[in-house]
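Listed in Swiss-Prot for this protein:
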TRANSMEM  33-53  transmembrane segment
TRANSMEM  77-98  transmembrane segment
BINDING   His83, His182  heme b b562 binding site
BINDING   His97, His196  heme b b566 binding site
TRANSMEM  113-133  transmembrane segment
TRANSMEM  178-198  transmembrane segment
BINDING   His201  ubiquinone binding site
TRANSMEM  226-246  transmembrane segment
TRANSMEM  288-308  transmembrane segment
TRANSMEM  320-340  transmembrane segment
TRANSMEM  347-367  transmembrane segment
Amino acid sequence: MTPLRKTNPLMKLINHSLIDLPAPSNISMWWNFGSLLGTCLILQIITGLFLAMHYAPDASTAFSSVAHITRDVNYGWIIRHLHANGASMFFICLFLHIGRGLYYGSFLYLETWNIGIILLFATMATAFMGYVLPWGQMSFWGATVITNLLSAVPYIGTDLVQWVWGGYSVDNATLTRFFTFHFILPFIITTLATLHLLFLHETGSNNPLGISSQPDKITFHPYYTIKDILGLFLLLLILMSLVLFAPDLLGDPDNYIQANPLNTPPHIKPEWYFLFAYAILRSVPNKLGGVLALLLSILILVAIPTLHVAKQQSMMFRPLSQLTYWLLVTDLLTLTWIGGQPVSYPFITIGQVASVLYFTTILILMPIASLIENKMLKWT
């Protein structure tokens, strides 16, 4: 008798995506992050839903409502810290997922890669708006500084900023609309993630060797479900350790002070996962130039498939390309560190050097390394 999962239309869909899905037999733990990102998204939606039940999106009560959730709501403290630190875990998985795509050449699956970039933008927008909601000092001033960047747009900049703010400054209207978008975007992200999977299953997964997986495939269940569950346990171990032992480790102490438009914090900075882009923004003395550099630091991912001139898909057997890749990783870590430092010597200079190196590595060094390797292998 044919199992129900192969006959029922809905079960058949799940079966083809998660159970009988043909997967390459040699994919490593770096392929775990897709399922971990899905888990993070579900966790964020569930915890966010419970937080929204008690949160008040109003400038006069937002800060107090967050304190109320932490103090008075049953297990409110753990829901809040799971949501805040869950976002950090989300971005860690996201960066590792993109890093794996770059290293093993998964960007050659264009539709999947491009939807992934849209997903990254949507996730960054959601996280930014979520950071504004507690209405602490860093929430308020972070929102003011980042939204103010729109004023760099020629001619319509000022109108654009006031349109986003809903007034002449970040105020109640801004908070209300940010809460609205913060609530709706995760569902849009879920739809995009489904499309991401749909396009991935059209081509099948890449593998570490960067060769065709067609001759040697195994079913996703039980082999990779077990492997993914191990990754999930490790993720939950790190997340719960953070939540239970150091819930405020990745946050900013200034956010425990209620938003005050008359008092600017000594050093305004976004959450840690935006610091690399923030460092690039600050490295350009011109406002419009800084905004363009900020946008290009993410949009450059769109150009990666075009810049791929190597004859091999994966970097596994390309030592020169590996060198440029790890240079890029080190550079991004340096930018993240610089983004959290005050705007003074020597941090300004280090930030500028690291910003130039970031674009140089992707646009010049990586393609040159690939061409040299092609030449050495007589594949030109």
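Placement of Cβ uses the backbone N, Cα and C atoms for every residue, glycine included.
Feature map: annotations from Swiss-Prot on the structure.
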residue: His83; record: heme b b562 binding site; Cβ contacts under 8 Å, 6 or more apart: Gln44, Thr47, Gly48, Leu51
residue: His97; record: heme b b566 binding site; Cβ contacts under 8 Å, 6 or more apart: Phe33, Gly34, Leu37
residue: His182; record: heme b b562 binding site; Cβ contacts under 8 Å, 6 or more apart: Gly48, Thr126, Met129, Gly130, Leu133
residue: His196; record: heme b b566 binding site; Cβ contacts under 8 Å, 6 or more apart: Thr112, Ile115, Gly116, Leu119
residue: His201; record: ubiquinone binding site; Cβ contacts under 8 Å, 6 or more apart: His16, Ser17, Leu21
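The stretches the transmembrane segment (320-340) and the transmembrane segment (347-367) meet in space: the count of Cβ pairs below 8 angstroms, excluding pairs fewer than 6 apart in sequence, reaches at least three. Outside the transmembrane segment (113-133) by six or more residues, the chain places 55, 57, 62, 66, 87, 90-91, 94, 98, 101, 106-107, 139-140, 142-143, 146, 174-175, 178-179, 181-182, 185-186, 188-189, 192-193, 195-196, 199, 270-271, 273-274, 298-299, 301-302, 304-305 with a CB less than 8 A from a CB of the stretch. At the 8 Å Cβ threshold, with sequence separation of at least 6, the transmembrane segment (33-53) comes into contact with the transmembrane segment (178-198) through 3 or more pairs.
Residues 29, 32-33, 35-36, 39-40, 78, 81-82, 85-86, 88-89, 93 of the same chain, all 6+ positions outside the transmembrane segment (226-246), place their C-beta atoms under 8 angstroms from a C-beta of that stretch. Panel annotation: around the transmembrane segment (178-198), residues 17, 37-38, 41, 44-45, 48, 52, 55, 57, 112, 115-116, 118-119, 122-123, 125-126, 129-130, 132-133, 143 of the same chain, lying at least six beyond its termini, place a Cβ under 8 Å from a Cβ of the stretch.
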